[in-house]
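Down below is the structure, laid out as C-alpha cells.
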Amino acid sequence: VKLDVKKELVSRSDRVKALDVHDDEPWLLVALYKGTIDLWNFNTKEVLKSFEVCDLPVRAACFVERKEWIVAGADDMNIRVFNYNTTQKVKVFEAHSDYIRSVTVHPTLPYLLTTSDDMLIKMWDWEKDWSNVQIFEGHTHYIMQSAFNPKDSMTFASCSLDKSIKVWSLNAPQPNFTLEGHTKGVNTLSYFAGGEKPYLLSGSDDKTIRVWDYQTRACVQVLSGHSHNVSCVAFHPTLPMILSGSEDGTLRLWHTSTYRQENCLNYALERLWCLAISSNSNRIALGYDEGMVMIKLGSDEPVASMDPSGKIIVAKHNEIQMFNAKALAEEGVVDGERILLPAKDLGHCEVYPTSLKHNHGGRLVAVCGDGEWIIYTALAWRNFAFGSALDFVWGRESNTYAIRESSNKIKVLQKSKEKGECRPPYNIETVFGGRLLGVKATPTDGFICFFDWETCRLIQRIDESPKAVYWNEAGDLLILACEGSFYVVRYNAAAVSSFIESGAEESAVCENAFELVTSVSDDVASGHFVGDVFVYTTQGNKLTYWVGGMSETVQHLDRPMHIIGYMATQNRLYLVDKSNNIITFKLLQAVMEYKACVARNDFDAAQSLLESIPIEEHNRLARFVDARGFKELAVELATEDEYKFELAIALSKLDLACDIVERSQIDHQWRQLGDLALTHSRFDLAEKAMIRGKDVNGLVLLYSSMGNADKIRELAEMAKTEGKNNSAFLSLFLLHDIDGCLDLLCQTGRIPEAAFMARTYAPSRVSSIVKMWKEDLSKVNEKAAEALADPDEFSNLFPDIELAKKAEKLVLALREKEGGLKPATAYKEWRDQELLTLNLLEEAKKLEVEETPEEEAAEEEVEAPAASPDSFKVKEEAAVKAETKVENVVEKSDDAQLASAIKSSLTISEEVSKEEEKEEERSAEEAMTKLEIPAAVAASLSSSYAAASIPSEESQE
C-alpha cells in the first residue's frame, strides 16, 4: 500500500503512558508518568490545559465526549474525573487495591471499565454516582487492558500478564471464553471494526502480534519482527493496516490482507508505550519514554467518484456503494448540509482501493490499490480488466488509460491492449490523466513532463512539482495544483499537432505547447472544471471558484470536503467528506459561463446569457464586472441601491445617484453627492444634497464662496439645531455677529473663550461675561473665581479698555448707518484704500504716547482750577501732529465728508472739564450719524481694533 507518512507534531516530555484523541475537536490527551495530564490542540500545536492529577504515575486516561469529561486512573488506586472545559474536578474515588492499568468507556451506556494489578476488572455506572455495578474475576496476573467489541457492545475482551485473553459479557462476572497462544504476558489488544472479519489483535512480551478469530477462537496469523516487548497494537479504522508499537522504539505497519510488513518507523524517543488513532482523520499519536509524536498516514481524501449523469460511487474499506444524485429533491435541500440519497450496494472490491475514478464516458470505473488495478462496469460492478500497477489514470478517450508499473516504466493501453510505453530517464513519483499524460518526477527532481497519448513522445517539461493536475472539458486549459498555490496554464493543441507532424527529434520539445495564464496563491485540496471555471476547495476549508483571473469564495466549510462532480441539469456541485457523507451546493452554470464570457471580453455572448440568470444574481455579476474594470456594465447590472450608488458616484452620474438617494434617504450618500456636485459646478444640486445630508461644513464653504449672507444666517440656525457648534460659530463670525458668537460660546459652556473674545471684539460685554465666568467657576473652585478681575471694578488692570469701548461704538454706528453688511464684491472698490488698514485704536494710542511729561502732570492735578498756558501749547502741538497724520492718510480718499469726520473723531483736548468731554462725545456721535460711509469701510473699521484671531475649528474641538 502506498502511504505517505508525515510528521505533524513532536513534543519532548516525561514518559507518556496513555493517549487519546477527541472525536470532534482537534485535541490530544497525553497522560504522563510524572502525574499530570496535558490537553493539546494538534492543529495549533500548543497545550491548551494541564491537569495536576497526583504525585504518582498516571497510567490510564481517556475522553468521555458526551459528558465533556476526562477520566484518569493513577498508581494511587484512585479514579479522577475532570470537566475538560472548566478543569473542575467532578469526582474522585478509590477504584482498586493496586495500580490501575486502563480505563475504557462504553460507546453508548454510562459505563466505565477499569483494570488493575489486583487482577480485577470493575464496571462503574456514573449515572448511579459511580457505583460499582459489576466485578469481573478470572485472570491470575496483572490485567493490562480491556476493549469493547465494536460489533457487539455488550461484550468486551481483556488481556493479562497470565498470557491469556478473555472475552466477557457485561452481565456475567465470569469470562465467556479464553484465547491462549502467547508464550509470555499479553500487554495490549484491539478489535477490528471494519468489514465482516471477527478479528481481535493482541501484542505480547513474547515480541509477537497475534490475529485471532474470536468466533472460531483460532489464531489466524502471527506477526513477528519486533525485537522487544510489544506494548501497543491497533487495527486502523479506515486503512488496511495493523499498527504495532514496541519497547524496541519502533512502530510497524502491517497489511491486513497479506500480513506483510509495509513500513517501520523509529523516531528515536526510546521505548514506545502507547498509541491512539483519530476516528475522523489518518492521524496517529505515539507515546514514548521521552515524549510524544503525531503522524499522518496517507491522505484524508475519500475514495469516491461521480459520472456526468449523477451516479456517485463510494468505497468504504472494500465495500462499494452507489448513490444516484438524480433522485435529489430540491425541496428542503440546504447548501452545505448532508443529503440523503438512495444507496445501492454494488458488492466488494478485490483490492483495498486507494483511488477510484470513472472514465470519460462514465461507463467504467477503475480501482487501484494493493499494487493492482481493476476496471469494473459502473452499473453492474463486473470485472472488466485487471493487472498489476502502482498508479492508474484515464486518458481523454473512454477506453484509453495508462498504468505505472514501476518507478521508471509507464504503459499506455487501449481496450486492454498495449498501445505504447514510456521509460523516462528519471524516477517517477506518480502520473496524471487528461488531454496529455502527465508524469511527475520525484520531489528531489521537482518537475513534470507531459506526453502525447498516441505517440508516447515528450511534448513539454514544466519545472514545477504539482500534487494534482486538472483539465477542463475542452482540453485547452489545465491547473497545476502545487503546495500553497496553483498555476493556470493554457494548452495550444494546434502547436502540438504541428510539432508531432513535423517529425522532430525525440529529444526535442514543443516550446509553444503551454502558456502561463496566471498563478493564484491558494492551496488546492480538490477541484473540478465547469466549462472554463475552476471550482475548488482549499486546505483552509473554503469552497472557491476561479474564473477570468479572479477567485471568488462561495462558502466557508466547517470541515474538509472533496469535490467529486457537477450536475449541469441541477446546477449543483457535489462533495464528499471523510465519513463519506454527500454534500451539495447550488452553483448556477449560467452565472459561471457569464463570468467566463466577460473574462474573454465576449460581451455579446454574455448578454445572451443574462436572460437565463435570476435577477437576484445580477448584483454579484455587477461586482465581478466592476472588479474587471467595466463599471458602465456594472451599473446596469447592479440591483442593490447602495452598490449602484457607489458606481454612479464613481462614474459621475449625478442624476442617477440623485434618483437612488431620493429613495434611500441616507445622509452620508447625500453628502457624497453634494461633494461630487460641487466639483462639477452643479451648485443647485450641491446645495440640495448638502441640505438633505445636513452637511453643515459643506454649506459653509458653498455659501461663503457665494457671499450669500441670508443663507449663512439660516445655516447658523441650522448648525445650532444639529449641534454643529463650530460651524454655527464660523457662520456667525462671517456675518460679524459678535454678540451671536459670544452668546453661542456662553450657551455651550465656553465662557472663558467668550470672555477673551469679548475683550478683543466687544469690550462693552467683558464685564457681564466675566460675572458669568466667576459664577460658573465658583462651582468648581471658589478661590479661582475670586481671582478673576472685572474691568468695571479693576479698570487699572485693563489698559485702554475705555478707548476700545469708544472704538466699538464708532464701528457699530457706522454699520447701523449703512444698514448692515454689503456684498463681498464691494471689496474691489476699497482694496487699494489705506483706510482698510487704518487702526483707530493704534492711532489713539500714538496720540497718548506723544503727550509730554508736563501734560501728564497737568492731568494729575485734578483739583487745579485751570491749566497753565504751556500745557495748552503742548496739547495744541500734539493735536496738530495728529491732525497732520490723519490728513496724510485721508488725502488719498475721494470722500471729503469721511476725511472730515475722521479728523473730528480724533480731536483730543485734555484740558476740558468732564462736562466738556461729555459734550464732545455727543458731538462726535452726531457727526457720525451724518456720515455716509460705505459698509465695506465700516466693516474694515471693525477689524481695526482686533487684536486676537478667530478660533479655528480644530481649536474649538
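Note: Cβ is positioned from N, Cα and C throughout, glycine not excepted.
Note that TrEMBL annotation is computational and uncurated.
The feature repeat 'WD' is assigned by TrEMBL to 93-125 (among others). Non-local neighbours of the repeat 'WD' (93-125) in the same chain are 59-64, 71-75, 77-79, 131-137, 139-148, 150, 153, 156, 158, 160, 168, 170; each lies 6+ residues outside the stretch with a CB under 8 Å from one of its CB atoms.
Per TrEMBL, the feature repeat 'WD' maps to 136-178 (among others). Long-range contacts of the repeat 'WD' (136-178) within the same chain, counting only residues at least 6 positions beyond its ends with a Cβ under 8 Å from a Cβ of the stretch, are 101-102, 104, 106-109, 111, 113, 115-117, 119-123, 184-191, 193, 198, 200, 202, 204-205, 212, 214, 217.
Beyond its flanks by at least six residues, the repeat 'WD' (179-222) meets 141-142, 144-145, 147-151, 157-167, 228-235, 237-238, 242, 244, 246, 254, 256, 259, 316-319 of its own chain at Cβ-Cβ distances under 8 Å. The repeat 'WD' annotation in TrEMBL covers 179-222 (among others).
Long-range contacts of the repeat 'WD' (223-258) within its own chain (CB-CB distance under 8 A, at least 6 residues past either end) are made by residues 1, 3, 187-194, 199, 201-205, 207-211, 264-275, 277, 279, 282, 284, 286, 288, 297-298, 317, 352, 370. Marked as repeat 'WD' by TrEMBL: 223-258 (among others).
Taken from TrEMBL, the feature domain 'COPA/B TPR' applies to 594-774.
According to TrEMBL, the region 'Disordered' annotation covers 847-875 (among others).
Under the heading compositional bias 'Acidic residues', TrEMBL lists 850-863.
For 901-930 (among others), the entry in TrEMBL reads region 'Disordered'.
Look at TrEMBL and you will find 911-929 tagged as compositional bias 'Basic and acidic residues'.
Residue counts for the repeat 'WD' (136-178) under DSSP, helix first, then strand, then coil, are 0 helix, 26 strand, 17 coil.
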